[in-house]
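The transmembrane segment annotation in TrEMBL covers 20-40, 52-70, 76-94, 106-125.
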Amino acid sequence: MPQSQNDSSAVKVSSILRGLVVSLILLLMGSVVLGIIISLSNAVNNSVSKILFILNYLSVFVGGSVAAYSAGGKGWINGGLVGLIYMLMIILLGSLWNPIIISLSLVSRVVIGFLVSALGGMIGVNVV
């Protein structure tokens, strides 16, 4: 059976890019708000680190949802690719200040980013 030209179940690069942009904008906005809160309070570094982890995963969740909604299908893969690319970009950006050390912790963060974003994609593709 031939595929139709308007296949809504394909992986769409434009949708993935849209999800990445949304994720990065959320990260930037959240970081600015967090910076303001830290400068106005006596926040402990340990709590800031936990908040940044939550902010990262929240960003990829929303980005995955946006990508899957925009693609109209294959929510888990469109969303998951947003998370995978996002986490790799964050790691590469971080390598400008610290060397990359491949560890179980680093790999698990990338896998969790993929899974959270894929979950966002599964939810996003089903949003009416």
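Even glycines carry a Cβ here, placed using N, Cα and C.
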Listed stretch, out of 20-40, 52-70, 106-125, that has the most CB pairs under 8 angstroms to the transmembrane segment (76-94): 106-125
Outside the transmembrane segment (52-70), six or more residues from its ends: residues with CB under 8 Å to it: 12, 14-16, 18-20, 22-24, 26-27, 30-31, 34, 76, 78-83, 86-87, 90, 112-113, 116-125, 127
Contacting positions for the transmembrane segment (106-125) when only residues 6+ beyond its ends and CB under 8 Å are counted: 19, 56-57, 60-69, 71-84, 86-88, 91, 100
